[in-house]
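First the structure, in the form of structure tokens, and then the observations on it.
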Amino acid sequence: MCGIFAAFKHEDIHNFKPKALQLSKKIRHRGPDWSGNAVMNSTIFVHERLAIVGLDSGAQPITSADGEYMLGVNGEIYNHIQLREMCSDYKFQTFSDCEPIIPLYLEHDIDAPKYLDGMFAFCLYDSKKDRIVAARDPIGVVTLYMGRSSQSPETVYFASELKCLTDVCDSIISFPPGHVYDSETDKITRYFTPDWLDEKRIPSTPVDYHAIRHSLEKAVRKRLMAEVPYGVLLSGGLDSSLIAAIAARETEKANADANEDNNVDEKQLAGIDDQGHLHTSGWSRLHSFAIGLPNAPDLQAARKVAKFIGSIHHEHTFTLQEGLDALDDVIYHLETYDVTTIRASTPMFLLSRKIKAQGVKMVLSGEGSDEIFGGYLYFAQAPSAAEFHTESVQRVKNLHLADCLRANKSTMAWGLEARVPFLDKDFLQLCMNIDPNEKMIKPKEGRIEKYILRKAFDTTDEPDVKPYLPEEILWRQKEQFSDGVGYSWIDGLRDTAERAISDAMFANPKADWGDDIPTTKEAYWYRLKFDAWFPQKTAADTVMRWIPKADWGCAEDPSGRYAKIHEKHVSA
């Protein structure tokens with residue numbers, strides 16, 4: 001993954017170039033390995049590179065052999081080997097997994113993103129037509145913003161982070177996932193159109209446990225495509241533990257296959273070949289990483305998992321004060337004032353710095369499972385299967401403003417890439433079409449949250465299959481990440497906010513906040529910090545607040561401890 005900045009149809013592009021380089025420098029943390037830029041006509045692309053695939057020849061922006069097309073990409077394309085074979089008539093200039101986007105555009109025009117399997121945000125410039133095409137991956141795992149300026153209405157700007165655009169744009173949006181922009185029509189249209197996106201359509205497909213297992217294993221395998229050392233974020237919760245368990249098996253298998261093959265081609269592209277075999281580089285054993293306050297529930301669980309799956313485990317702790325000291329930087333990098341995002345991002349931000357210092361550039365993470373399977377404890381209060389499903393679809397649709405934003409920005413703040421197997425297109429297609437009655441939380445029937453995901457990896461009735469996880473982990477109750485790192489983390493944030501925000505301040509919110517009024521002192525405190533970095537109203541308009549369903553009788557605080565079924569429930 002990397003950082004991109006683009007300005008299309010700038011009236012004075014050559015004099016603007018120094019400013020473009022300055023703006024792109026604001027996201028150099030995303031791509032510390034190399035900086036590149038290219039100008040065609042009145043358009044400039046700037047790219048900050050984090051090299052993971054195509055190390056020697058994958059620098060960007062990529063220009064086609066005829067010099068007519070320019071491409072800047074932030075992301076990873078997992079099916080690039082197959083796409084290269086599809087586009088065999090095209091003269092490839094690099095071994096980058098992203099370059100197939102150019103021949104796909106030549107053949108399929110703005111439908112090109114439909115053929116990509118990966119996480120991405122890209123801008124492609126067609127100099128013959130003086131046209132820019134921009135697109136974002138189906139769920140929004142990778143961040144992308146689009147902006148305009150009333151001072152130069154014809155110019156369109158794109159960037160990986162908000163901070164690149166606030167100096168030059170007075171109108172900024174978070175580019176919608178699964179959409180493509182075409183300057184010829186000046187419209188953003190949806191290219192990702194699975195049937196499950198219609199939240200009014202309630203699926204009725206019975207659960208297939210083996211299909212869930214097989215699909216998630218394949219999703220993890222794809223995401224181990226790398227030419228650098230990689231690891232896995234391991235909280236000790238169900239989601240990260242399953243990803244770690246599968247990744248450990250796939251890493252072991254890939255190494256065994258490589259050792260058996262005496263004719264390994266050193267030029268073999270990293271990725272999945274036509275036979276489904278993984279070609280990757282890295283350590284011979286999976287490395288796992290965990291963080292928490294001393295004696296946190298997550299740390300204890302993560303140790304058990306690491307020992308069980310045989311990973312080389314790295315445990316890091318932080319103090320409450322270290323977390324508080326990092327808040328301003330976290331909000332600057334996250335570009336949000338949402339309470340639950342900031343609570344969960346701070347430990348992830350601190351851990352990412354530690355991981356990068358150990359020479360790792362890529363990690364797998366467990367985001368997306370709670371949205372797909374209704375794993376948040378407040379889902380237990382869903383009045384019906386239909387409402388359960390509708391809420392699940394809404395949560396998946398909004399992931400780009402919540403957990404995906406957190407996973408992307410808190411890691412990329414240190415040049416560390418996070419990949420999320422649960423948000424694989426095929427896995428989503430399978431699991432979002434399961435009858436929601438199968439997903440509902442029914443404690444009286446012994447069906448806890450994410451029951452069908454747990455059951456899919458329960459090998460109790462399969463004596464010939466090695467267990468994936470210890471039983472107490474496979475069936476461990478859901479903890480919000482911000483809870484699992486230590487309950488005193490959230491308590492400490494609240495107490496500090498209570499001291500920082502007086503009753504008088506809280507009773508008199510800023511007039512320019514409009515209807516978006518903080519309902520707690522903690523939220524007020526974060527909003528003030530956000531405004532210090534991003535005072536523009538258009539910046540605040542890109543933020544979404546993550547709040548449980550009030551009309552289900554849920555507490556407003558997003559902490560899982562406020563859910564009635566939590567083992568350590570507290571009252572609001």
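Each position is counted from 1, following the chain as shown.
Using the three backbone atoms N, Cα and C, a Cβ is placed for every residue, glycine included.
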Pick the one from D66, D89, D97 that Swiss-Prot also lists for the L-glutamine site with R49, L50, A51, I52, V53, N74, G75, E76.
D97
Can you match one of I172, I173, I291 to the ATP site that Swiss-Prot gives for L233, S365, G366?
I291
Three-state secondary structure, which DSSP defines for R49 (L-glutamine binding site)
strand
Per the 10 Å Cα distance test against A51 (L-glutamine binding site), the recorded positions C2, L233, I291, S365, G366 reduce to C2
Those same-chain residues, other than R49, L50, A51, I52, V53, N74, G75, E76, D97, found with Cβ within 8 Å of the centroid of the L-glutamine-site Cβ atoms are M1, C2, G54, G58, V73, S96, C98, E417
Can you tell me the mean pLDDT for the domain 'Asparagine synthetase' (194-545)?
94
Neighbour count, 10 Å Cβ-Cβ cut-off, for E367 (site 'Important for beta-aspartyl-AMP intermediate formation'): what number do you get?
27
Please give the maximum pairwise Cα distance, in Å and rounded to a whole number, for the L-glutamine-binding set R49, L50, A51, I52, V53, N74, G75, E76, D97.
13
According to DSSP, does L233 (ATP binding site) sit in a helix, a strand, or coil?
strand
Which residues of the same chain, at least 6 positions away in sequence, have a Cβ lying under 8 Å from the Cβ of D97 (L-glutamine binding site)?
V53, G54, G58, E76, I77, Y78, H80, G118, M225, L269, A270, G271
